[in-house]
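Taking it in order: structure first as structure tokens, then the write-up.
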Amino acid sequence: MSSQLISSSPTITEIPTPKLHSRSHTLSQRTQIPLHVYKHPAAILLELSTSIKEVYQILPHIIKSNLYTEHLFQTKLLSLFCNHGCIAEAARVFEPIQDKPEVLYYTLLKGYAKYSSLHEALLFFVRMKADNVKPVVYNFTYLLKVCGDKGELRRGKEIHGQLIKNGFSSNVFAMTGVVNVYAKCRQIEEAYKMFDRMPERDLVSWNTIISGFAQNGLAKLALGLVVKMQEEGQRPDSVTLVSILPSVADMGLVKIGRSIHGYVLRAGFEGLVNVNTALVDMYSKCRYIGIGRLVFDGMKRRTMVSWNSMIDGYVRSGYAEEAMAIFEKMLDEGVEPTDVTIMGAARACADLGDLDRGMFVHKLSDKLKLGTNVSVMNSLISMYSKCKRVDLAVDIFKKLRGKTLVSWNAMILGFAQNGRVNDALNYFYEMNSRNMRPDTFTMVSVIPALAELSVTRQAKWIHGFCIRSCLDDDIFVMTALVDMYAKCGAIHTARKLFDRMNERHVTTWNAMIDGYGTHGLGKAALELFNEMQKGVMKPNDVTFLSVLSACSHAGMVEEGLSYFTSMKRDYGIEPGMDHYGAMVDLLGRAGRLNEAWNFIRKMPIEPGINVYGAMLGACKIHKNVDLGEKAANKLFALNPDEGGYHVLLANIYATASMWGEVAKVRTTMKKKGLQKTPGCSVVELRNEVHSFYSGTTNHPQSKRIYAFLEELGNKIKAAGYAPDTSSIHDVEDDVKEQLNSTHSERLAIAFGLLNTSQGTPIHIRKNLRVCGDCHTATKYISLVTGREIIVRDMQRFHHFKNGTCSCGDYW
């Protein structure tokens with residue numbers, strides 16, 4: 001730009017105001033612009049200017065040269081200010097102009113519609129009418145677009161009325177704008193009425209109504225309109241395809257998606273970045289992520305949306321590592337991420353449990369100044385929670401301004417996922433105290449947290465809360481309630497809720513089948529599974545895992561073997577590591593240890609910790625030293641820091657009186673600093689949770705509890721109980737017996753018996769598997785006290801009553 005034109009930039013108010021003239025003044029004089037004005041350097045520079053900064057640099061020269069009264073400069077300045085969104089400056093240019101041509105009104109109205117508020121645009125429209133300026137069709141299309149974008153249905157209807165009044169009801173451009181307003185204001189039926197009444201429809205009209213149906217969740221009808229437009233002689237263009245592909249993705253219609261892809265190639269649209277991006281998104285959402293990646297790799301140019309679609313597609317499809325690879329490739333190519341990118345990367349890190357890369361994503365979000373973006377912060381809260389750093393999630397939550405329901409939900413779920421049940425409940429209570437109305441996601445986060453407490457009273461309270469919140473008809477909330485009651489020991493209540501449900505998801509069936517299985521009701525679990533097979537709902541991998549576990553807990557070996565075969569043969573479901581672990585558990589519990597070991601050796605995938613863990617547990621039950629050693633050595637290699645496996649092996653040696661081997665295991669544990677997870681049992685009484693650890697005396701009622709246990713021990717011995725101390729050595733027999741009698745579940749049971757009235761069931765929850773001696777002792781305790789005792793250990797429920805257990809001594 002010429003240096004002579006560059007000076008300090010004045011404000012637009014410094015332009016002198018010329019004498020005003022009426023609009024009736026002839027324009028012929030104004031159109032006769034002198035040649036020197038056209039060729040003036042300022043006119044040329046204005047024509048070439050590309051930014052508002054350059055306009056301000058030229059402005060002083062225009063003022064000094066007395067060119068501000070020339071129509072050419074006034075019109076050009078007004079247009080430039082409007083195009084750059086400087087509406088106040090444009091208005092200051094507009095007002096002094098003599099005999100304003102109608103085109104200037106139209107230009108300024110467009111500026112108001114695009115860059116100012118709808119209110120300001122409508123005021124200027126009224127001003128136009130007052131100045132006897134007759135509106136043209138695109139005046140209405142500008143205003144209608146704003147109404148659609150803002151969701152202003154009432155104003156949209158008013159403009160529609162004005163449009164009809166001015167004779168544009170048959171104009172294709174105007175009526176397309178009307179269709180757009182109704183569609184964006186979620187009045188899709190009214191939109192279609194307007195569309196159907198149009199005497200002629202162009203491609204833009206068709207695209208508008210198709211997009212309207214798609215954006216209102218009517219994917220099938222949107223696809224039908226694409227067929228209809230072709231029947232009426234209109235060929236879909238790139239806009240049509242970009243509008244319809246999300247509908248194809250939502251319906252999972254990959255065959256139609258492939259047909260559209262073929263049309264893209266035939267029509268020559270394969271070079272359009274927006275079409276390719278829509279194809280990537282469609283294939284990803286239809287679980288054809290490989291084809292989506294091929295389309296992505298074939299793109300010569302990519303937008304930020306392209307990168308985001310690929311990252312999101314990998315995350316959705318369960319390929320978090322690949323999502324991070326795309327994210328890192330994007331950064332390497334110098335593409336600056338957006339908030340959507342950060343959220344996708346955070347989700348990938350969450351799925352991987354990768355704290356280091358998650359913290360990098362967090363730092364990058366700070367660098368991009370996204371700290372006030374609530375959606376980004378919510379994704380980071382979820383990421384830190386899944387990476388087991390809920391403390392960092394809390395830090396973000398506390399600093400976050402403008403917390404949304406999603407923020408609270410993410411925090412509640414984070415606490416629940418990390419075993420901080422009380423914190424989850426406290427945040428739920430606080431959220432309610434702030435008049436934040438919970439939704440379905442809130443309830444399906446907090447209900448499982450309550451299920452972990454296994455307290456029936458609180459289960460009933462949250463159920464009542466769901467009813468009062470009108471969420472008791474929601475399929476996901478009801479499924480969570482079914483699962484919760486089952487985990488609280490109220491399996492019959494769970495079945496009642498299940499039977500009352502009008503609609504059931506596959507997860508509903510899975511919850512009920514799994515509930516029966518953990519309660520040892522294998523026959524009921526299989527009956528329910530057979531009922532499921534007769535209906536329209538198809539079982540999934542989780543269903544079969546629940547069925548296999550139910551067979552294992554109930555000793556139904558042949559049934560379990562049959563279902564394992566059926567899983568792949570009849571349903572095409574490839575067994576995963578958990579299924580193989582369940583099969584080893586099934587065979588091992590039944591004493592078929594050699595068969596279980598051969599099953600492991602023939603596995604098509606490398607056996608994991610849960611497979612060898614099931615084998616080691618079975619060897620402990622059936623006292624098989626040889627296979628127990630083999631399974632334990634595999635576990636030591638896979639997870640050398642877990643002390644529980646060493647303890648199990650030591651117990652197997654102790655049962656076989658191999659005390660030298662027991663000493664070796666204990667020495668190894670000591671050298672490595674390994675410890676067994678301490679047994680902990682909890683019981684709830686009058687809104688307070690009481691925790692007990694084996695042999696501890698820190699409870700306020702410890703003296704009463706230990707005295708009562710000694711008295712109770714004498715009674716159950718008199719009834720036939722004989723202590724099993726085979727896994728304990730190096731101490732006297734009476735000490736062995738005392739060690740067993742003070743296991744955490746016995747302390748919790750004694751506390752419950754002392755503090756509840758006759759006839760009240762005792763509910764105990766233990767973090768480890770109930771040992772054999774405590775299982776036997778509890779049966780006798782239920783017999784001599786006449787009380788029902790329900791114990792939920794890490795694997796299943798035991799209902800003790802009248803000297804028997806619901807597991808049938810098979811667990």
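Every residue, even glycine, has its Cβ placed from backbone N, Cα and C.
According to TrEMBL, the features are:
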COMPBIAS  1-14  compositional bias 'Polar residues'
DOMAIN    720-811  domain 'DYW'
REGION    1-24  region 'Disordered'
REPEAT    101-135  repeat 'PPR'
REPEAT    171-201  repeat 'PPR'
REPEAT    202-236  repeat 'PPR'
REPEAT    303-337  repeat 'PPR'
REPEAT    373-403  repeat 'PPR'
REPEAT    404-438  repeat 'PPR'
REPEAT    474-504  repeat 'PPR'
REPEAT    505-539  repeat 'PPR'
REPEAT    540-575  repeat 'PPR'
Within-chain partners of the repeat 'PPR' (101-135) [C-beta distance under 8 Å, separation at least 6 from its ends]
23, 27, 75, 78-79, 81-83, 85, 87, 90-91, 94, 142-143, 145-147, 150, 152, 155, 162, 166
Could you give the residue numbers and ranges of same-chain residues that sit at least 6 residues beyond the repeat 'PPR' (474-504) on either side and whose C-beta is under 8 angstroms from one of its C-beta atoms?
440, 443-444, 447-448, 450-452, 454-456, 459, 462-463, 466, 511-512, 514-516, 518-519, 521, 537, 763, 790, 792, 797, 799
Could you break down the residues of the repeat 'PPR' (474-504) into DSSP helix, strand and coil, giving a count for each?
23 helix, 0 strand, 8 coil
Confidence summary for the repeat 'PPR' (373-403), mean pLDDT rounded
95
